[in-house]
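Only one structure is covered here, and it is reproduced in the block below.
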Amino acid sequence: MKVSRRKFIKAQAVASAAAAAGISIPISASNVVTDSSLTKITWEKAPCRFCGTGCSVNVGTKEGKVVATHGDIKSPVNRGLNCVKGYFLSKIMYGKDRLTQPLLRMTDGKFDKNGEFSPISWDQAFDIMAEKWKKTLKEKGPEAIGMFGSGQWTIYDGYAASKLMKAGFRSNNLEPNARHCMASAVVGFIRTFGIDEPMGCYDDIEAADAFVLWGSNMVEMHPILWTRVTDRRLSVPGVKVSVLSTFEHRSFELADIPIIFTPQSDLAILNFIANYIITNDKVNKDFTSKHVNFRRGTTDIGYGLRPEHPLQQAAKNPDSGDSTPMTFEEFKAFVSEYTVEKASEISGVKPDKLIELAELYANPETKVVSFWTMGFNQHTRGVWCNNLVYNIHLLTGKISTPGNSPFSLTGQPSACGTAREVGTFAHRLPADLVVTNPEHRKIAEKIWKLPDGTIPGKVGAHAVLQSRMLKDGKINAYWIQVNNNLQAGANINEETLPGYRNPDNFIVVSEAYPTVTSQAADLVLPTAMWVEKEGGFGNAERRTQLWHQMVEAPGESKPDLWQLMEFSKRFKTDEVWPKELLDSNPDYKGKTLFDVLFINGNVNKYPLDDLAEGTLNDESNYYGFYVHKGLFEEYAEFGRGHGHDLAPFDMYHETRGLRWPVVDGKETLWRYREGSDPYVKEGAGFEFYGKPDGKAIIFALPYEPAAESPDEEYDMWLSTGRVIEHWHSGSMTQRVPELYKAYPDAQVFMHPDDAKSRGLRRGDAVKVMSRRGEIITRVETRGRNKPPIGLVFVPWFDASQLINKVTLDATDPLSKQTDFKKCAVKIVKA
C-alpha cells in the first residue's frame with residue numbers, strides 16, 4: 001500500500017479531528033501513521049516526558065533510535081494531539097553534549113573537590129560514593145545524608161529511592177522537586193479531605209458551564225487541556241471562562257471575566273466569594289449539613305524562612321497548621337468582613353468583576369471547574385489558597401459530580417504518580433501513609449519484609465531545608481536525580497550553591513546533560529532518559545500509565561533505577577543499621593541492602609518470561625528477574641483496599657492508563673460520590689472518607705500579606721514562571737533546535753510605562769536586582785505576557801540568566817513550598 005505525502009497528512013488530520021470530536025476514526029486514518037510496513041519504523045505507546053497532563057504519544061523507533069513521535073489517537077487524554085514540546089520529543093535524547101560516562105572531579109588521578117571532571121568507571125564511581133556515604137553515616141548518622149529526586153522520576157525510580165533511603169539508610173531526608181510545585185496542593189487536599197489528589201477528572205471539562213483559572217496559564221503550561229477548554233467554550237453557548245492572574249498572559253485571550261489582581265490578594269478574593277455565596281443565600285444547606293465541618297485555622301504562621309529571620313521572629317504562631325472547631329454561623333461572621341469593597345481595595349479589582357466571578361460559583365445552575373497550578377501553590381499561603389477554593393465548592397456542593405470540580409493541575413509528568421502516590425517526600429510513605437505514624441511504619445515494614453523499627457519516625461529535611469543544611473554542613477553526602485535544583489531553587493547564590501561547594505560535602509548528580517547543577521557537583525553519573533528505560537508515570541487525573549523500554553541509552557548511561565539498586569550492593573546491614581535492631585533480628589545480619597530491599601521475595605518474584613516478547617529491559621536482564629513488575633506489585637500492596645487501588649501490572653500495558661482507585665478492573669472517574677466511587681457506602685450520597693467522620697472541612701483563613709513587597713528602593717514585584725516552548729530549566733528543550741530557535745533567551749516582561757519612566761526601551765539590557773542577587777537580561781514590552789504597572793515577569797528556563805539568584809526562599813510554612821511568584825526587585829539599565 002502506497003500513500004502520498006498529501007494523503008498521509010490529510011489522513012493524520014482527519015484522525016486527530018475525529019478523535020477530538022469523539023467520533024469513530026476511519027481505518028485508513030487510524031493506521032496510516034503507525035503502519036510500519038510503509039516506514040520500517042516500529043511504533044509503541046508511552047506517556048509524554050513533559051508536563052503532568054499525561055498525554056500519550058506513539059513513539060517510532062528505527063535502527064536503535066527514536067526517530068519520530070506523534071499524538072496517540074487512542075488516548076482519552078490528548079486524543080491524538082501534542083503541544084509544541086510533544087511534537088519534538090524524538091529529539092530530546094540526542095543533544096550533542098549528552099553525558100555518556102561517569103565524571104569525577106580529580107587532580108593527579110585522585111578526587112579533588114576543586115579538580116577538573118575526569119572520566120571514571122561505574123565501579124570507581126560507586127566506590128567513592130560508598131566511601132563518602134559510609135564515612136558520613138559513621139561520623140554523623142543517617143540524618144547527615146540526603147537525596148533530592150523528582151516529579152519526573154518514574155514510579156519505579158521513586159519507589160526504589162524511598163526504600164533505599166527510608167529503610168536501607170534509615171534516613172527520611174528524601175525529597176522530590178515536587179516540593180517546589182505541588183506540596184501546597186498536597187497539604188490542601190489532606191487538610192480538607194484527609195486524602196490526596198483530585199476528586200474529579202478531565203471528563204469534567206466536557207460537562208462544565210464555567211471555568212475559573214486561579215494563577216494558571218493553561219494555554220502555555222497545559223496546552224492540550226486548554227484545547228479541550230477552548231472547544232467547550234467555543235462550541236457550547238453560555239459557557240464562560242474567568243482567568244485570574246497577577247499579569248496578563250495568553251490564557252486571557254479566551255477570558256470572559258479577565259481579572260488582574262495584586263499579588264497575594266487572591267486570599268481576599270476567595271473569602272469574598274464565600275461571603276457572597278452566604279449573603280445571597282446560595283449555600284447548598286443540604287450538602288453542607290451532611291458532608292461538611294467548619295474549623296478556624298491558626299493565623300500569623302510566618303514565612304518558612306530561617307528561624308533567625310526577622311519575619312520568623314515576629315510570627316506569633318510560626319509553622320502552625322492547627323485549627324479549632326467552629327459553627328457555620330461563626331464562619332459566616334468570619335467571612336462577612338470580606339465585602340466586595342474590601343476585596344476590591346486589597347486586590348485592585350473592580351467590584352463588578354468580583355461580583356461577576358462570584359456569581360459563577362453562586363448560581364446553582366452553573367457547573368464550575370476551578371483550575372490552578374503554581375499561582376496558588378508557589379505562594380507563602382498556598383495551602384490556605386487551596387483550602388479556600390475548596391470552601392467555595394463545598395459551600396455550593398459543586399464537587400465530585402461531572403462538570404463540578406476543584407482541580408489542582410500538576411506540573412510534572414509524575415509529581416502525582418511518583419512524588420505523591422509513592423511518597424518520596426520527607427514525611428511520606430506510599431498511599432498517603434506518613435512516617436510519623438507508628439502504625440503506618442509497621443504497614444511499610446510488613447510489606448517490605450523488614451524488622452519492626454527499621455523506618456525512622458522523624459520527618460526528614462524538606463527541599464529548602466536540605467539546601468540550608470548543606471550550606472551549614474549538617475548534610476554531607478547528597479545525591480540528586482532528575483532535577484536541576486541549582487537553577488530551579490530559590491535564592492540559589494545565598495542558600496544553594498554554598499552547600500554544593502562546601503568542602504565537607506560530597507555531591508552526586510545523575511544527569512543526561514551538563515546543567516548548572518551538574519557543574520557544581522563532585523561526581524556526575526550519566527543517566528538513561530525516557531524510553532531508554534522501562535517506566536511509569538501518574539498524571540493529574542490519577543491516571544497511571546506504563547511504558548516499555550524502546551531503545552538503548554548511549555555509551556555507559558544507566559537508568560536511575562539501576563543506579564539505586566546497584567549502589568545498594570555496596571552496603572551491609574551491619575554498616576548502616578543499629579546494633580540493637582540487628583541483635584533482635586539476627587537473620588538480617590551480614591546481608592547487603594540489595595538483598596534486603598530487592599531480593600526479598602516480592603521484587604524478585606517475577607521471572608524474565610513475564611517480559612513482553614521482544615521487549616528491551618536493561619535492568620531486568622541485568623538482574624535476572626522482571627524488576628519493574630516486582631516493584632510495582634509490591635508498591636500496589638500499599639493502596640489496594642485503602643482507596644488507592646491500582647490494577648494488576650499487566651493491565652496498564654494493555655491500556656492508555658487507568659484512574660485509581662481501580663477496583664474489580666474498573667477505574668474511578670469521580671471520587672467521594674456514590675455510584676462512581678466504590679468506597680462510598682450505599683445511601684451516603686457523598687462521603688469524604690479520608691476523614692474519620694466522612695466529612696470535608698471548610699476552613700476560616702484570612703488574608704495575610706506577602707513575605708516581601710515592593711518599597712521605595714526595590715519598587716516592583718517579580719513573578720517567575722515558564723513558557724510553552726521550554727520545559728522547566730530547559731536542559732532538554734534547549735537542545736531541540738526548533739524549540740531553542742523559537743525562544744532562545746529569557747527576557748524581563750514589563751509594562752511600557754514602567755520602561756518609559758526608567759528611560760528604557762524594548763531590547764535594552766537591564767539588571768533585575770533584589771536584596772539577594774541580580775541578573776542581566778533584556779526588556780520586553782510587547783509579546784505574550786503583559787504585566788501591569790509595578791510588576792515584571794521573567795521565565796526561568798535560561799541557564800545564562802539565573803533569575804533564581806534574585807528570588808526569595810520564603811515558603812509556605814505548612815507545605816514548605818517556595819514562593820517563586822512574589823518578591824521585590826528594581827530594574828536598572830545595565
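Heads up, the Cβ atoms here are built off N, Cα and C, so glycines get one too.
These figures come from a predicted structure and were not determined experimentally.
Here Swiss-Prot flags 1-31 as signal peptide, drawing on sequence analysis.
Mean model confidence of the domain '4Fe-4S Mo/W bis-MGD-type' (41-97) amounts to 95 (pLDDT, 0 to 100 scale). What Swiss-Prot records for 41-97 is domain '4Fe-4S Mo/W bis-MGD-type', and it gives sequence analysis as the kind of evidence.
Cys83 ([4Fe-4S] cluster binding site) falls outside any helix or strand according to DSSP and counts as coil. If you draw a 10 Å sphere around the CB of Cys83 ([4Fe-4S] cluster binding site), it holds 25 other CB atoms from the protein chains shown. Per Swiss-Prot, [4Fe-4S] cluster binding site is recorded for Cys48, Cys51, Cys55, Cys83.
Shown in sequence order, Phe50, Ile724, Glu725, His726, Trp727, Thr733, Leu739 are the residues of the chain, 6+ apart in sequence, with a C-beta less than 8 angstroms from the C-beta of Lys85 (Mo-bis(molybdopterin guanine dinucleotide) binding site). The Mo-bis(molybdopterin guanine dinucleotide) binding site annotation in Swiss-Prot covers Lys85, Gln152, Asn177, Cys181, 245-249, 264-266, Met374, Gln378, Asn484, 510-511, Lys533, Asp560, 720-729, Asn804, Lys821.
Around the Cβ of Trp796 (substrate binding site), 22 further Cβ atoms fall within 10 Å across all displayed protein chains. Marked as substrate binding site by Swiss-Prot: Trp796.
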Inter-residue C-alpha distance, Trp796 (substrate binding site) and His249 (Mo-bis(molybdopterin guanine dinucleotide) binding site) (nearest angstrom):
16
Inside 8 A of the center formed by the CB atoms of Cys48, Cys51, Cys55, Cys83, which other residues of the chain have their CB, for the recorded [4Fe-4S] cluster site?
Phe50, Thr53, Gly54, Asn78, Asn82, Lys85, Gly86, Pro223, Ile224
What residue among the binding-site residues Ser245, Ser729 has the most other CB atoms lying within 10 A of its CB?
Ser245
Can you count helix, strand and coil residues in the domain '4Fe-4S Mo/W bis-MGD-type' (41-97) using DSSP?
7 helix, 20 strand, 30 coil
Nonlocal neighbours by CB distance (under 8 Å) for Met374 (Mo-bis(molybdopterin guanine dinucleotide) binding site), same chain, sequence gap 6 or more:
Cys181, Gly215, Ser216, Met221, Gly411, Gly721, Phe820, Lys821
Have a look at the binding-site residues Ser245, His249, Glu511, Ser729 and say which one has the shortest Cα distance to Cys55 ([4Fe-4S] cluster binding site).
Ser729
Of the binding-site residues Cys48, Cys51, Cys83, which sits closest to Ser729 (Mo-bis(molybdopterin guanine dinucleotide) binding site) by Cα distance?
Cys51
Please report how many Å separate the Cα atom of Ser245 (Mo-bis(molybdopterin guanine dinucleotide) binding site) from that of Cys51 ([4Fe-4S] cluster binding site), as a whole number.
21
